[in-house]
Amino acid sequence: MLRRVVSSGVSYRAQVQRITSARSVTIASATSATKNLVPIKTNLRADALLNTPRLNKGAAFSREERAIFGLEGFLPYDIHTLEIQVERAWNQLQKQPSNLLKHAFLASLRDQNQVLFYRIMQDHLPELLSILYTPTAGEAIQQFSHLFRRPIGCFLSYPNADGMRAQLEAHVESLNYDPDVSDPNEGPIDLIVVTDSEAILGIGDQGVGGITIATSKAALYTLGAGLNPNRILPVVLDVGTDNHLLFSDPLYMGWKHTRVRGEPYDRFVDKFIKHVSALFPDALIHFEDFGNNNAQRLLDKYQSHVPVFNDDIQGTGAVVLAAAMSALRITGEKLSDSRIVLYGAGSAGMGIVNQIRQGMILVDGLTRGEANKRFWCLDADGLLLKSSLSLRPGQEEYARDPNEVQGWKRETPEQEALRLIDVVREVKPTILIGTSTHAKGFTEEVVREMAKGCERPVILPLSNPTSLAEIDPADAMAWTDYKALCATGSPFPLIRMPDGTTHKISEANNAICYPALGLGTVISRSRTLSPGMIMAGVQALAELAPNDNKSLLPDLADVRSVSVHIAAAVVRRAIEEGHARIQFQGDNADMEEFIKKRMWDATYRPLELI
């Protein structure tokens, strides 16, 4: 068994120096990696122990633990199991009158008892995901400075940039890392989820409140893929805000300054990347909700030499590509033969087509130019054309030549731009993707026109929330004689088919994919999260889709087992491409078993007083 033991007598700086000088290791097989259920050693007693959420068990402390740690008199007499605690917490949660208060309840529970928080979330993930994350997290972020009780995560502010490294070191030193199951060469942080809060969900610039999106995404890595929550660091880069509502709010807790941009912003981000790369050399850096002008640019800047990932760009694209590949397994067609229309050419939409293009290149062997010709992208002004003066970076490659569309029929004679119905009529797409937030934008006319050109239309209305979806999948099914293959960005009810059976529409939720990509990257200790590694994960996800009569993607309730399969594929590809700093001897079953034994579980561990 490979273990890392962190001695309280060894400084954090010394540990990092030892880690960075270590060589890669070889893991013989899954049997050499077992769950580390040895006691957690601590010198905390009585109320200090109860006030440490990572160690607190509440009423679940045993008689022996109560005696040893001086807890008698601090707790009611009876001992309750974790299952009883979950039942009590669930009943309390259900009594909260609003989703925002439910979110606050869960945050408070996390601050009191880490294991109980993750266990209730794990047991009720489909019901609670929308409370912890979108859409409720958006409201919690807007109210951050009003709901604030205690800090969680790392706050790096622009005025304090000179002390950034010391702040990171102090923050990590304050966390009581345990000698968990791991490679002895591995660092104490596996994952950093960082945001600058400029483009939070659908609500824009939220300043320092963006820390809540980082903590929510961090929690999903644990819930979905079993990453140890004590080795995930949520970070907000507070570079000011252009949100005037925050400026005028006396309770706002962030730096009240206009948002820093240009070279000063880049220097601040560079400093952050430099320090975290030095302090946490094996950590994956997850960029979350950066603005349109920075998201793709920063990903391109760092991904060649630092393990970075942008969920908005890569994660969404990965899960949508998996849904498309799953649909094509049903139709028997190749991805490269698809004609794809994107309705909503913003950053999310372009990230999706970029990922699908990557699939055409890596799986089907197309050139980049050949793949570009398989896409027709529309924004608010209609079909993207090379003659347009408003093309944004990333759109140019997909813009069509005006000569190509010169003879296309417009819906009305006076109309200049080509609208969705015009494009569908001419292109006869096989896949229609919606990221426009234009509710009901996929009209009956559009869908019926699409159905004329292909036997099994793939229709993916991905805009959130449900009220902004481009189409109700029940309509998509009805207007195509129930031949459409659908996945959505929001949950929808079951659809009753003509034969009386019900059909579940897959939700293309990033949480079914990105935690596993992170897990595979962390376990492989990869120097980068390469396009090939992401593609391996996508293909593994597509393989798990149910049959023709069910959904295009696995159910979110099965995310843990799904993550094992995806992570194994990612680790294999990292090793094949030479990015991994481990070697593995064993078959795929051994790999999956090894991964399972590396996953953190929401169970109480024994404690040992030192």
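From the backbone N, Cα and C atoms, a Cβ is placed for every residue, glycine too.
TrEMBL labels come from automatic prediction, so no person has curated them.
Per TrEMBL, these features apply:
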DOMAIN    110-303  domain 'Malic enzyme N-terminal'
ACT_SITE  Tyr133  active site, proton donor
ACT_SITE  Lys217  active site, proton acceptor
BINDING   Glu288, Asp289, Asp312  divalent metal cation binding site
DOMAIN    313-575  domain 'Malic enzyme NAD-binding'
BINDING   Asn464, Asn509  (S)-malate binding site
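Apart from the site residues Glu288, Asp289, Asp312, the chain places the Cβ of Thr195, Ala199, Ile200, Ile213, Lys217, Phe287, Phe290, Ala295, Asn310, Asp311 no farther than 8 Å from the centroid of the site's Cβ atoms, the recorded divalent metal cation location. Of the listed binding-site residues, namely Asn464, Asn509, the sparsest CB environment within 10 A is found at Asn464. All chains included, 28 other C-beta atoms sit within 10 angstroms of the C-beta of Lys217 (active site, proton acceptor). The number of other Cβ atoms within 10 Å of the Cβ belonging to Asp312 (divalent metal cation binding site), over all protein chains shown, comes to 21.
All chains included, 26 other C-beta atoms sit within 10 angstroms of the C-beta of Glu288 (divalent metal cation binding site).
Asn464 ((S)-malate binding site) sits 17 Å from the residue listed as 'active site, proton acceptor', taking the C-alpha atoms as the reference points. Highest Cβ count within 10 Å among the recorded positions Tyr133, Asp289: Asp289. A separation of roughly 8 Å, to the nearest angstrom, links the Cα atoms of Tyr133 (active site, proton donor) and Lys217 (active site, proton acceptor). This prediction places the mean pLDDT of the domain 'Malic enzyme NAD-binding' (313-575) at 93. Calculated from their C-alpha atoms, the gap between Asn509 ((S)-malate binding site) and Asp312 (divalent metal cation binding site) amounts to 11 Å. Spacing of the residue listed as 'active site, proton acceptor' relative to Glu288 (divalent metal cation binding site) is 8 Å (Cα to Cα, whole number).
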